[in-house]
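Asker: One structure, as structure tokens, below. Some questions next.
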Amino acid sequence: MRIVVLTGAGVSAESGVPTFRDADGLWEGHRVEDVATPEGYDADPGLVHAFYDARRAALADVAPNPAHLALGRLEAVLGHDLTIVTQNVDDLHERGGAHHVLHMHGELLSAWCRACGHRFRWEGTLADRPACPGCGVSELRPDIVWFGEMPYEMDRISAAIAEADLFVSIGTSGAVYPAAGFVIEARARGIRSLEINLEPSEGTHWFDEARHGKAGDLVPRWVDEVLGRL
Ligand code: OAD
Ligand code: ZN
């Protein structure tokens, strides 16, 4: 049984990480163009660094919830037959026990040097413009995929979908491509699909089955079903 799971902000909501498009969403008070585009960064790097430094620091105050832990349990049994693809830039899947996670939108705990191109695990701040551990130049930026930039791992994600028996989307509004199109790719290949989300996503009609409710309730239940059928 090969499974591809795509997660979005909704999987981390019960851990206290704000989602993007809900009422109290993260963008409130900030225009997307200011904090999530290369142009915004060039215009005001200090603002952008402060924004991501605050989000990175906030990771210390959150913990994985039952949905992350259930996916960790599933990976422990399925191993490489499970591919977790996340749009989230937090590290809650890893802390929930999953080790092979494709972060298609980058990671808060990573910094990318604009001078030498290398990436480094990064737990501190960037607003103080620290020197790159590789080349010494102070050109580190958050390793986050901004609007207008190419998401990471697209080849591995497409290959995993092509070989999957089941595609599951958890906690994502289906508003941002290419992730929102993975279900269409799965469908075109005749692969079954399941949506787990608080409410119907924008692409809910593409899924063979949809379950609506909290990820913290529904994901452990679904994982138990899968493990029970093995
Ligand atoms: P959104 O904020 O667009 O959507 C979150 C979805 O999770 C919504 O459909 C909610 O209904 C649902 N949700 C909220 N709480 C939930 C819960 N407890 N259980 C289950 N579902 C819940 O977030 P994403 O779809 O992840 O990109 O957004 C996609 C991308 O847009 C992000 O990765 C980010 C943003 O621009 C980048 O930063 C590049
Ligand atoms: Zn460098």
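The backbone N, Cα and C atoms fix where each Cβ goes, glycine too.
No curator has checked TrEMBL annotations; they are predicted automatically.
OK, TrEMBL features for this one:
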{"type": "ACT_SITE", "residues": "His105", "note": "active site, proton acceptor"}
{"type": "BINDING", "residues": "8-27, 87-90, 171-173, 197-199, Ala215", "note": "NAD(+) binding site"}
{"type": "BINDING", "residues": "Tyr52, Arg55", "note": "substrate binding site"}
{"type": "BINDING", "residues": "Cys113, Cys116, Cys132, Cys135", "note": "Zn(2+) binding site"}
{"type": "DOMAIN", "residues": "1-230", "note": "domain 'Deacetylase sirtuin-type'"}
Asker: Determine, using Cα-Cα distances only, which of these recorded positions is closest to Ser12 (NAD(+) binding site): Tyr52, His105, Cys116, Cys132, Cys135.
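Answerer: Sorting the recorded positions by distance from Ser12 (NAD(+) binding site), the top entry is His105.
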Asker: List the binding-site residues Tyr52, Gln87, Cys132 whose Cβ sits under 6 Å from any atom of ligand 1, in sequence order.
Answerer: Gln87
Asker: Using CB under 6 Å from any atom of ligand 2, narrow the recorded positions Gly8, His105, Cys113, Cys116, Cys132, Cys135 to the ones that qualify.
Answerer: Cys113, Cys116, Cys132, Cys135
Asker: Taking the centroid of the Cβ atoms of Cys113, Cys116, Cys132, Cys135 (Zn(2+) site), which other same-chain residues have Cβ within 8 Å of it?
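Answerer: Apart from Cys113, Cys116, Cys132, Cys135, the close residues are Arg114, Ala115, Gly117, His118, Pro133, Gly134, Gly136, Val137, Glu139, Leu140.
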Asker: Let me know the DSSP-derived helix, strand or coil state of Ser12 (NAD(+) binding site), please.
Answerer: helix
Asker: Restricting to the same chain and to sequence separations of six or more, state which residues have a Cβ under 8 Å from that of Cys132 (Zn(2+) binding site).
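Answerer: The list for Cys132 (Zn(2+) binding site) reads Cys113, Ala115, Cys116, His118, Phe120, Ser138, Glu139, Leu140, given in order along the sequence.
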Asker: Between 0 and 100, where does the mean pLDDT of the domain 'Deacetylase sirtuin-type' (1-230) sit?
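Answerer: Mean model confidence (pLDDT) across the domain 'Deacetylase sirtuin-type' (1-230) is 96.
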Asker: For Cys113 (Zn(2+) binding site), what is the secondary structure by DSSP, using just helix, strand and coil?
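Answerer: DSSP assigns Cys113 (Zn(2+) binding site) to strand.
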Asker: Rounded to the nearest Å, what's the C-alpha distance separating Phe20 (NAD(+) binding site) and Arg55 (substrate binding site)? Just drop the number here, would you?
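Answerer: Phe20 (NAD(+) binding site) to Arg55 (substrate binding site), Cα-Cα distance: 13 Å.
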